[in-house]
Amino acid sequence: MEFKDFGLHADIERALTAKRYTQPTPIQSQAIPVLLEGRDLCGIAQTGTGKTAAFSLPSLDYMLSNPRPRTPRGCRMLVLSPTRELAAQIAQSCRDYGRFTKLSVATVFGGVPINRQIRDLSQGVDILVATPGRLLDLVDQRALRLDDVEIFVLDEADQMMDMGFIHSLRRVAKILPKQRQNLFFSATMPKEIAALAQQFLHDPVTVSVAPQATTAEKIRQRVTFVEQKEKQALLHHVLRSEEIDRALIFTRTKHGADRVVRHLKGAGIDAFAIHGNKSQGQRTTALQAFRSGQVRLLVATDIAARGIDVSGVSHVINFEIPNVPEQYVHRIGRTARAGAEGIAISFVAPDERTYLRDIERVTRTRAEPVALPDGFTEMVRNLPKPAQPPRNTGGKGRDPQRQREDALRKKADGAPSRGPRREAAGEGAQPQRKRRFRPRRGGVGAHKGAVQRVG
Ligand code: AMP
């Protein structure tokens, strides 16, 4: 099947050609015809399967075929996303797919001033992508009305539940008009999510692209058994020995993420952390730097990384493995996107072995065991000291990570003519050379916590 078989509006087909999409992904083949008929849809699919295009292409097509003037403070299509990162990504995809049309897209999420969002909405928009909390704030302030919504999309429903958005979602369900098309997506469909789906959907068609918690086929999974306190040395070894394009490193806690970054910096390896304690500005900067390849290592917690779509993530490293098997599937799904190959490496401490067994049972796969490298004891002994945690000296310039983040942010802000960052690192970009991360030799400077970009 090809995209032209759907008979989508010519302006959408043009955008697909520009993005060099030739064949629809399985979720797109299944969902697009049903949605073009105006049916409700329950999609069981994880990020990385192409579900954003699956729901946005037919919706754009509907709006183009049924033009209607914008109503002040209203929107025709509402997409709810659990995280700001995913919301920004969905909005960017809608802009990409609608770039040859006049349809407007706005994003609203918390953590940034509300006034600009109120202004953006004042004339009304065609597509609004929002996180639930800020959406309801705007409704309460009468800056947004939902009585014109014709298409409602609830994305990553299981994550919404994990993040405690259930009450907000129930409220949204009450405000939405009765007559509308509903699309509901979730990576998993346990009973409570199915119950939530029932509240939104009317006689839906269900499509599922991968059996629940199936591990992406193209990912090579490896596991090394190692003591918790020796994991940092193993990480440095992996970064030195693997051909890494971009790696996402997962830790279980926010402090754990910061600690890994400090250790890497101590060894002269540049990395950013992304987690819930970081400001929106820091998170955006870190993601942009990662997308553009300026920083090749991003250390993340699960919540912060959910939905991140960065092409060219060659490795996912589980510094700690998750205690929920589905989370493992989500994590390793960050690599091997849209047909690319990927490698997932898990460091498993003795007390994590039961988690690994659960993961293997649920995914029905077995990761290939890889022994600790020769001379590992030596590597542990010679591990450079971590960089000092940033001190609150009141002087912004003292903290090198912050200095670097500020510099990157300024650069990003000052370069509007370059267009969206995502494109710079995305489909049309030159493939980047793979590199190894080489810590500085001798480690003298590294012991002082000097920061140097390597790779
Ligand atoms: P999603 O699951 O919507 O986050 O999409 C994952 C990635 O696949 C995104 O980078 C999309 O740009 C890409 N993608 C989606 N559909 C296609 C397609 N039909 N052909 C090639 N790439 C696609």
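Cβ from N, Cα, C; glycine included.
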Suppose you had to name the range TrEMBL annotates as motif 'Q motif'; which of 1-29, 30-58, 59-87, 262-290 would you pick? 1-29
Checking distant contacts: for the domain 'DEAD-box RNA helicase Q' (1-29), what same-chain residues at least six beyond its ends satisfy Cβ-Cβ under 8 A? 36, 43, 45, 49-51, 53-54, 57-58, 60-61, 64-65, 96-101, 207, 209, 338, 427-428
So how many of the residues in the motif 'Q motif' (1-29) end up helix, strand or coil by DSSP? 17 helix, 0 strand, 12 coil
